[in-house]
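> Here TrEMBL flags 19-469 as domain 'Major facilitator superfamily (MFS) profile'. Taken from TrEMBL, the feature transmembrane segment applies to 12-30, 80-103, 109-127, 139-168, 174-193, 205-226, 297-317, 357-376, 382-402, 451-468.
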Amino acid sequence: MPPSCCASLSQYTHHHAAVFLLTFFSYVLLHASRKTFSNVKVSISAQWTPSIINDSSPSFSPGETWQDNRLFEDEKQATLFLGVLDSIFLFSYAVGLYLSGVIGDRVNLRYVLCFGLCGSAAVEFVFGTVTEWLHIYNIYLYVGLWVLNGLLQSAVWPCVVAVMGNWFGKAGRGFVFGLWSACASVGNILGAFLASSVLKYGYEYAFLVTSVVQFAGGVVVFFGLLTSPKETGLSPVETDTDSHKPLMSDEEDEMVVETYTRRGQSVEQPVEPPAASPQAIGFFQAFCLPGVLPYSLAYACLKLVNYSFFFWLPFYLSNNYKWKEAQADRLSVWYDVGGIIGGTVQGLISDFMGKRAPVLVVSLMLAIGALVGYSRSPDDQVINGVLLATTGFFIGGPSNMISSAISADLGRQEALRGSKEALATVTGIVDGTGSIGAAAGQYLVSLIESKLGWMSVFYFFIVMVRSFP
């Protein structure tokens, strides 16, 4: 590692490790619960539609055969409603991100984070478990609960990124955040495991397990998380005086070594408390910060592609290659594996270069080739898995970097030096804009696939990825 990275890593304490793990597993548990809903859609759809009646059975009047839990006439309508719930969740999640980022810069991050984790766990418990146990089936209730779930879940990401930004300075941030941003992919894998392990007892138990684990995680965060080094008497992370440079220019970072040398010496000196708490920046002021708007729009395109793989990949594998659902689920994990490796490796490279944008541009240019190659994958699971991991490396990696390391860079740039806090607000803006793109993308993917086929969907993905450079 370059001297700047080594100087930064040498200052990390057990407090830094605890913060890394607590914030990491906070979002792991949140994404695990989100993945659970995707994994039990078949069971929910079957529960909400009438049982198939044998042709030889006598005919009954609708009043005799209909039951309260049969919300839809057939599985197609139930599946369509589940897709509507996905879009509703993503739109409410996007709106909540704009709000929760602003709140996170004004209220103790630990309180907001715990409220989001525990509140979301309670809503998911009611949605998937209580309604089934009490046989309460109502479309409007499901919609209302899922809107509330999106708003509550939106409180988590801006807070965990802000806490990480408070503890980890810019030097080494690409590697640290690249490794840390694997939390979403790890959550997907954990959610699939938890859901499949109890699904045989009923889909309500999948919601029960994930919601209980998530609620317990929220309690641990409330009592164990330190949101800032100031709470332990350590020196706070200084404002990044050149955070905009890796994003918007090619100037070298010549002062990082000197900055961290001074910072390392200051740890040994007593820390004087600040005269006043930093003033939180306004929403529109944060939007106008250098780099925020272009990276928000770029992330909207990139998250559209990333979440399309998240929602549609198992269906595509089963539909296009006629593989069994269990095989498709297992194979789809390789996209997340590629994203984990990609985020870590590309973050480390950006630390060596002292720049983020060139790494992103190269990765996304290579992602175009990966998408073309994957769209022409043969009917072989090994080859498909390798191409899928490669695609995840070049798409999931940049997506993780923008949502974490670059958001932290943008929220601690020179324009904010010494007076204002904007880390959670900027993170909310970037991820909120990305979620709007992801929500719109789910409808566009289904529309393009039904009208033009899967190959046109991949061309659409290429256009979205190419929009970044």
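Just so it is clear, glycine is given a Cβ too, placed from its N, Cα and C backbone atoms.
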> Are there residues at least 6 beyond the ends of the transmembrane segment (297-317) whose Cβ is under 8 Å from a Cβ of it, and what are they?
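38, 86, 90, 188, 323, 325, 327-329, 331-332, 335, 339, 364, 384, 388, 391-392, 395-396, 398-399, 402-403, 430-431, 433-438, 440-442, 444-445, 454, 457, 461, 464-465, 467-468.
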> Does the transmembrane segment (12-30) come near the transmembrane segment (451-468), with 3+ Cβ pairs under 8 Å (pairs 6 or more apart)?
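Contact between the transmembrane segment (12-30) and the transmembrane segment (451-468): absent.
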> In terms of Cβ proximity under 8 Å, which residues at least six beyond the ends of the transmembrane segment (357-376) contact it?
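Counting only partners 6 or more residues beyond its ends, the transmembrane segment (357-376) has Cβ contacts under 8 Å with 246-248, 250, 302, 342, 346, 349-350, 384, 387-388, 390-391, 393-395, 397-398, 401-402, 454-455, 458, 461-462, 465-466, 468-469.
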> Cβ under 8 Å to the transmembrane segment (205-226), counting only same-chain residues 6 or more beyond its ends: which ones?
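Cβ under 8 Å, 6 or more out: 15, 18-19, 22-23, 25-26, 29-30, 32-33, 36, 39-40, 110-111, 113-114, 116-118, 120-122, 124-125, 127-129, 163, 191, 194-195, 197-199, 232.
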> In the same chain, which residue numbers or ranges, 6 or more beyond the ends of the transmembrane segment (174-193), come under 8 angstroms Cβ to Cβ?
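Non-local partners: 1, 5, 20, 23-36, 38-39, 164, 168, 210, 310, 329, 333, 336-337, 339-340, 343-351, 356, 396-397, 400-401, 403-405, 408.
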> Six or more residues beyond either end and a Cβ under 8 Å away: which residues meet both conditions relative to the transmembrane segment (139-168)?
8, 15-16, 19-20, 23, 26-27, 30, 34, 71, 81, 85, 88-97, 99-101, 103-105, 109, 112-113, 115-117, 119-120, 123-124, 126-127, 131, 176-177, 180, 225, 227-229, 236-237, 403-404, 407-408, 411-412, 423-425, 427-428, 431-432
